Amino acid sequence: MHQLLENLSGNGMGLLIPLGLSWLIWTILLPKQQYRGKLFNDRARFEWFYTKARRRFLENGGVILNNAFKKSENSFYVMTSREVEIVLNPKYMNEVRNDDRFAVTERVDQLLHGDVPGFGIIKHSAQTHKIFSNTFQSRVVREIGTFLVPIFEEIDHFLETQWTDNEEWHAFSLHPSMVQLVSQESTRLFLGPEMCRDAHWLQASVKYIQSFFMGIDLLDSWRPIFRPLVSKFSKTGKQIRSDLAEARQILSPFIADRQARKAKGEKFNDLLQWFDDAARGAEYDAPLLILRSSMAAVHSTSDLLTKAIFEICTQPGLIDDIREEAIRVFKEHGLRQTAIQELRLTDSVLKETQRLKPLQTTAFIRLTKEDVVLSDGLEIPKGTPIRISNHHMWDPEVSEYPNADQFDGYRFYKLRQVPGQEQTAQLATVSPSHTGFGLGKHACPGRFFAATATKVILCKILLDYDLKLLDGQRPKTMWRGDAQVPDPMCQIVVRRRKEEFNLSSLLHDVK
């Protein structure tokens, strides 16, 4: 409740009484209407409301889920930062993943408040959603190899200007830097060379992403009927709409100019053009699809890169091996897609990072559209939000991976040498044992682009820089619900090194 008081501006104070009453109903009565069974993280003794239970999950969700599975093997109800959900054991993945009785789109719309003004970048018409998914699943996969040089140019430019050529040790916070880097290199693919170094656009898009997630935390405590009002009169809600309007103001004239140039016969080759190709003349909201693409790329790729760099900073031998692989592969293949496919150790390090510290510790976010009885008799009532745990990837008691709770950067490199594992052990490949990118028909459509970009970025950084953790301090574990997020304040120390092989020299060979 105090969060809303801090957010409400003067003209919203008149809503305080009705919103306060709704909050009381939501925190006391509604949870008992949402589930059948025992709530694992119920209110503590002398707690009248569920506010603190929600807050505890927001701040320590991964630990709560881990403790719950120690006491309830198959499933349990949990109060998340938003509402009561049922969390299922990973053994149900194959049964649930393609079952249309479990709605994906509707649940994602709920979680991201797609009906609230300012949050609609995820909620699209069926036609627009098809444009988005088909473009990433087919066109991006087909074209990504032709974009290696432009993407590399942006990585090179960012590191030269932001990390600099300073040969003395200097420190900075890693995660914000990775957010900026991924934003610049992904914009080269999304909007072409005119926008990828536009400081106004890069700042606006990242600012919107950050305010978007702040807004989710604010709205999660309120019933859906009141969320538009909370958003309308809160400082956070106003900031989200302002940031969205700013992003549109930048993109709209750019897109209009693009259309005028196309009418004169000029050709373009980037994500915006591919969306147009997939639309085949149908109307769609291009700025929203670009923002959605940017959010997906920046949020997930910067998370994976940050966690991977934190891990390998403590393993100089692994860093040396990655450098040796990069030199050998790029000397032989140049900046081509065949080189990316041969970066097997780099791929392994990233896949291992995602296995041990995925973006979220649960997957398969769904909403039951009808009463469901699973094969072992487990009953899930209609309208129940569900999610499936990913703990089979890192819990040594249930995982198929040896020493599953330990980081082994060579794990998947070695697995790819086992007959039958050549394909399944790759970063972009999904399987029941590794669900970092999901599983089934709803697996992340942008994972091939993410895998390519992260490998190029990691190799370029390690070839050009020495790096270590500041004072040798490993980053502390931070939770946002079930997501283990990088510590935004954790710093690394870097210095420019005299690389054994200059990747930038390959630009001339390709051109």
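Even glycines carry a Cβ here, placed using N, Cα and C.
Between the stretches 10-30, 199-219, Swiss-Prot puts its transmembrane segment entry on 10-30. Rounded to the nearest whole angstrom, the C-alpha distance between Asn502 (N-linked glycosylation site) and Cys444 (heme binding site) is 33. Sequence-distant neighbours of Cys444 (heme binding site) (same chain, six or more apart, CB under 8 Å from its CB) are Ala296, Ser300, Phe437, Gly438, Ala450, listed in sequence order.
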